[in-house]
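Enquirer: Annotations per TrEMBL:
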BINDING   S26, G27, G28, P29, D30, S31  ATP binding site
DOMAIN    390-456  domain 'Lysidine-tRNA(Ile) synthetase C-terminal'
Amino acid sequence: MKQEVDQFIKRHQLFEPFTTLLVGVSGGPDSIALLNYLYDMKVDWGFHLVALSVDHQLRGEESQADLQYVKQYCEERSITFVGVSLDVPNYKSKHKLGTQEAARAMRYQFFEEQMKENQADYLVLGHHGDDQVETMFMRMTRGANPASLTGIPISRTFATGKLVRPFLSVTKEQIESYCSANDLVPRRDPSNHEDHYTRNYFRMHILPLLKDQNPNLHQSVQKLSENMTDDSNFLDEQARKVSDEIIQYEDDPKQVTCSIIQVKKQPYALQRRMFHLILNYLYDTLPSGLFYGHETQFFDLLHSERANVSVNLPNKLSMIKSYQNLHFQFYQKKEVDFFKTLTIPGKVMLPTGAEVHASIISSDQKTKDKEKHKDYYFFPLHNNLQESDLAIRYRLPGDRIYLQGLNGRKKVKDIFIDEKIPVYQRDDWPLVVEKTGEVLWVVGLAKGTPSGSYRLNGDRFVQMEYRRKT
């Protein structure tokens with residue numbers, strides 16, 4: 001086994017000499033064999049080893065004994081040991097997770113903290129070739145996502161360094177033989193023999209059937225994983241380049257907008273990866289509720305003939321098709337009661353960060369360019385215009401506006417439709433209204449006519465300006 005692992009490490013250049021390695025050690029055969037293997041390498045490579053052991057508080061005294069076993073092994077060999085007891089049951093209940101998912105989340109959080117505290121170069125874990133086979137077949141069973149064929153990565157960025165798995169080249173049987181040959185007596189977790197866990201079911205019932213057909217299945221699957229990873233990494237890089245050109249990312253709040261036409265011009269493989277790049281940008285941690293069906297919904301929206309349609313994703317993220325754009329945003333409670341008096345002169349700050357300014361100007365300051373611009377609105381100053389006569393609010397059901405040259409009034413809703421304003425933007429679009437409630441200006445879109453009876457005040461005008469958030 002040692003020769004196979006040595007060659008695997010050399011081929012993939014997993015380690016640099018004279019570095020700090022943190023080793024995840026449960027006390028089971030895989031992890032104690034890994035720690036023992038690295039201990040034997042320690043002198044030649046100049047490694048500083050730190051063993052990390054976790055009691056997940058799931059098996060009472062047994063899991064505490066596991067931690068003590070690892071501690072004793074380390075003390076006998078002068079290996080730095082860090083053990084911790086984590087309240088997984090409470091975390092599971094608080095975050096509404098499965099047992100294994102909660103245990104993994106807390107364990108990796110502990111690993112990350114230790115990587116930073118020790119300024120470590122590597123976190124080394126004992127996943128082996130049979131784990132790789134189980135993982136890939138489990139993922140393919142749950143959903144036919146190409147990412148399932150990349151399997152468990154040999155190496156990836158983690159905290160201050162890299163997470164590496166040198167045992168992916170060998171089988172569980174080889175590890176057990178290594179333990180026997182080196183007089184290691186690992187701890188045994190009885191739950192590993194309970195087949196109501198999906199992974200255990202695959203390990204106990206599916207893997208033996210596959211290995212009957214090919215005893216070296218782990219080598220074939222590992223090679224497939226490496227090839228698929230290489231291909232996937234290349235396509236991911238291409239998708240990132242395209243995404244930087246055609247996708248608009250916003251930080252505050254986090255949201256993403258992309259042109260459906262531009263996305264559909266890309267090869268299908270890049271479209272799929274762009275979807276996952278968007279999710280990785282928006283979610284701090286990908287939720288467990290995401291599944292292959294959401295990717296299908298993404299493609300359905302791209303090809304939908306409906307002008308406005310949306311799909312809900314986990315954790316209150318919405319995927320919204322509006323005309324020729326696709327928008328991703330988290331649900332935010334609308335400030336439906338927004339209402340601010342617009343004094344003249346004065347300004348109103350909108351919840352979006354934009355502003356509406358009002359001022360009094362002379363006729364020679366009212367240029368034709370500004371008159372035509374949708375972000376400006378002018379009307380003659382009136383002697384009886386009161387300070388509280390104008391206000392800014394959001395739309396209300398039935399809102400209408402008097403438009404110049406139009407016989408009668410037009411629904412504000414129809415203006416939004418004509419201007420192809422996305423549905424998700426309409427409820428908090430600013431409207432300047434008169435004290436009667438009549439809409440004077442659909443800001444930046446349509447200019448109405450004052451409805452009140454006012455006495456004109458010479459050649460002075462009220463200028464309103466919409467200053468968009470930059």
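Heads up, the Cβ atoms here are built off N, Cα and C, so glycines get one too.
Whatever TrEMBL says is automated annotation, not expert-curated.
Values in this document were obtained by computation on a predicted structure and should not be read as measured data.
How about a rundown of where these features are and what they're close to?
Expert: For S31 (ATP binding site), the same-chain residues lying six or more positions away in sequence with a CB closer than 8 A to its CB are V23, G24, V25, L125, G126.
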Enquirer: Please list residues from the chain of D30 (ATP binding site) whose Cβ is under 8 angstroms from its Cβ, counting only those at least six apart in sequence.
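Expert: Expected: G126, H127, H128, F167, K172, I175.
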Enquirer: Find the average pLDDT over the domain 'Lysidine-tRNA(Ile) synthetase C-terminal' (390-456) in the predicted model and report it.
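Expert: Per the prediction, mean pLDDT sits at 84 for the domain 'Lysidine-tRNA(Ile) synthetase C-terminal' (390-456).
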Enquirer: Work out, from DSSP, the number of helix, strand and coil residues along the domain 'Lysidine-tRNA(Ile) synthetase C-terminal' (390-456).
Expert: 11 helix, 23 strand, 33 coil
Enquirer: Which are the residues of the chain, S26, G27, G28, P29, D30, S31 excluded, whose CB is within 8 A of where the CB atoms of the ATP site average out, their centroid?
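Expert: Residues close to the ATP site, other than S26, G27, G28, P29, D30, S31: V25, I32, A33, L34, G126, P186, R187.
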Enquirer: Determine the Cβ neighbour count for P29 (ATP binding site): the number of other Cβ atoms within 10 Å of its Cβ.
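Expert: Other Cβ atoms found within 10 Å: 21.
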